[in-house]
Amino acid sequence: METRESTESSPGKHLVTSEELISEGKWVKFEKTTYMDPTGKTRTWETVKLTTRKGKSADAVSVIPVLQRTLHHECVILVKQFRPPMGSYCLEFPAGFIEDGESPEAAALRELEEETGYKGEVAECSPAVCMDPGLSNCTTHVVTVTINGDDAGNVRPKPKPGDGEFMEVISLPKNDLLTRLDALGAEQHLTVDAKVYAYGLALKHANSKPFEVPFLKF
């Protein structure tokens, strides 16, 4: 087994002191992380890490594709695919690993075209953000991409899935995304990815009136 030790100390703060490799596969590895809490007590944590990280800004990209067409409501493009760890179909943003020497923006456009067939333009790219920090150290860039639906190449897009990838492209209206996610999840017994659902919630709250503050009596 592989163990990495740290000799640094930081009183009053959390500090990882060692990471012991338990098992490793092609894509992920399982480690026992030993750390010190602010009181000086040593604790352990079971951690999953990707084996593909090589000094990149993040492991992957998650793409928020917004389809814009003349005389149509804006739509969000999602992909439905079977996820073995969940044992069910999931509704997600297009996503994938960043390849060596590739920028997050280039990776986002590549993954979007491969998984949905659409070609777009990057509107914004987030810094690296964590995916599931209680379980793994996986990080991603969230990249918003606009798609010109009037462009001839985007009228009948053809996905280019890789080996073993079986996806269904789903377009949902942006102005009613949360309601449509709930309905689709119930009808097709789908599990909606947390990032997609959080985006739907954010859109709903952004377009609704502010939460009312309870009247204070003196």
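The backbone N, Cα and C atoms fix where each Cβ goes, and this holds for glycine too.
The model shown is predicted, which means the values in this text are computed figures rather than measured ones.
According to its DSSP assignment, PHE97 (substrate binding site) is in a strand. What Swiss-Prot records for TRP27, TRP45, GLU46, ARG83, PHE97, ASP132 is substrate binding site.
Marked as Mg(2+) 1 binding site by Swiss-Prot: ALA95, GLU115. Proximity of GLU115 (Mg(2+) 1 binding site) to non-local residues of its own chain (separation of 6 or more, Cβ distance below 8 Å) is seen for VAL79, PRO94, GLY96, PRO159, PRO161, GLU165, MET167, VAL169, given in sequence order. The DSSP secondary structure for GLU115 (Mg(2+) 1 binding site) is helix.
Under the three-state DSSP scheme, GLU165 (Mg(2+) 3 binding site) falls in the coil class. Residues or ranges marked as Mg(2+) 3 binding site by Swiss-Prot: GLU111, GLU115, GLU165.
Around the Cβ of GLU111 (Mg(2+) 3 binding site), 24 further Cβ atoms fall within 10 Å across all displayed protein chains. The Mg(2+) 2 binding site annotation in Swiss-Prot covers GLU111 and rests on similarity to another entry.
The feature SUMO2 cross-link is assigned by Swiss-Prot to LYS41. Under the DSSP three-state reduction, LYS41 (SUMO2 cross-link) is assigned to coil, being neither helix nor strand.
Each residue of the domain 'Nudix hydrolase' (56-196) gets a DSSP state, and the totals for helix, strand and coil are 34 helix, 53 strand, 54 coil. Residues or ranges marked as domain 'Nudix hydrolase' in Swiss-Prot (evidence: sequence analysis): 56-196.
Taken from Swiss-Prot, the feature N-acetylmethionine applies to MET1, supported by similarity to another entry.
The annotation phosphoserine is assigned in Swiss-Prot to SER10.
Residues or ranges marked as phosphothreonine by Swiss-Prot: THR44.
Look at Swiss-Prot and you will find LYS209 (among others) tagged as N6-acetyllysine, backed by similarity to another entry. According to its DSSP assignment, LYS209 (N6-acetyllysine) is coil. Cβ contacts within 10 Å of LYS209 (N6-acetyllysine), excluding its own Cβ and spanning all protein chains shown: 6.
What Swiss-Prot lists as N6-acetyllysine is LYS217 (among others).
Within its own chain, the motif 'Nudix box' (96-117) is flanked in space by residues 52, 54, 56-61, 63, 65, 77, 79, 125, 141, 143, 145, 157-162, 165, 167, 169, which lie at least six positions past its ends and keep a Cβ under 8 Å from the stretch. Annotation source Swiss-Prot lists motif 'Nudix box' at 96-117.
Secondary structure at TRP27 (substrate binding site), as computed by DSSP, is coil.
Across the binding-site residues listed here (TRP27, TRP45, PHE97), the residue whose Cβ sits among the most other Cβ atoms within 10 Å is PHE97. Listed recorded positions near PHE97 (substrate binding site): none (candidates LYS41, THR44, LYS209; Cα-Cα distance within 10 Å). THR44 (phosphothreonine) has a Cβ environment of 11 other Cβ atoms inside 10 Å.
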